[in-house]
Amino acid sequence: MPASNARLTCSVLLLSGGRGLRMGGRDKGLLEWRGRPLIAWLHDLTRPLSDDLIISCNRNTEHYAHYADQLVADQDQDFQGPLAGIRAGMAAARHEQMLVLPCDAPLVDRALIESLLAHAGSRPVVIRQGNYWQPLFCLLPTGLRDDLEHAWQSGERSPQRWFGKLAPIAVDCTLEDARLANLNTPETLANGISPC
Ligand SMILES: Nc1nc2c(ncn2[C@@H]2O[C@H](COP(=O)(O)OP(=O)(O)OP(=O)(O)O)[C@@H](O)[C@H]2O)c(=O)[nH]1
Ligand SMILES: [Mg+2]
């Protein structure tokens, strides 16, 4: 059943539209980790939160469709980065808030998500580790879609620079917080998790 969180129903955007160059050009979300595709772990985590689970992907749509209510693709086919996926997700999202997570962080847990949702309002809410923002772990008010579109049309391609102008709310985590570890290389995929 969707939307077990009665306080807030959000859209969810799982970012899986990258080139995966460090994985030899393979589609990272579909690579297996602990016996299942990475996207399956994020799907299982976020499915109960939303009736609007969006996956940003630029290939293998037939595989991703199983895990989503909506698929979105970047407008341009030249991999302009995650902000392209956020832009497509914002255009499609059906709720006032959109939770964004990357496909390659399978240790994110419900408590981390709840700590983002707790600050839902008119400003972006973003994970920060020490002095480092983690711009792909965030909660975005979808009312910012016009602002994002304007920034995009002005040439902005950095999620952090975009929301940096919007007085983001930080959710602070330690530098050692294993939940934020992500998988970028075949070695980490096979052997475990590396720090971000
Ligand atoms: N929609 C979309 N998502 C992207 C794009 N580039 C990266 N992402 C996503 O952003 C997140 C972080 O990117 P990376 O970890 O660098 O993944 P990647 O770009 O596929 O991998 P590398 O090519 O090795 O850098 C991942 O969830 C990617 O799927 C893009 O051009 N479009
Ligand atoms: Mg990349």
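Residue 1 is the first one shown; counting continues down the chain.
Note that Cβ sites are derived from N, Cα and C of the backbone, with glycine treated the same way.
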Please pick, from Asp69, Asp74, Asp76, the residue that TrEMBL records in the GTP site together with Leu15, Ser16, Gly17, Lys28, Asp104. Asp74
Give the three-state DSSP assignment (helix, strand or coil) for Leu15 (GTP binding site). strand
Of Leu15, Ser16, Gly17, Lys28, Asp74, Asp104, the binding-site residues listed, which put a C-beta under 6 Å from ligand 2? Please answer none if none do. none
Give me the long-range Cβ neighbours of Asp104 (GTP binding site): same chain, 6+ apart, Cβ under 8 Å, in sequence order. Lys28, Gly29, Leu38, Asn182, Leu183, Asn184
Cβ neighbour count (10 Å, all chains) around Gly17 (GTP binding site) is 29
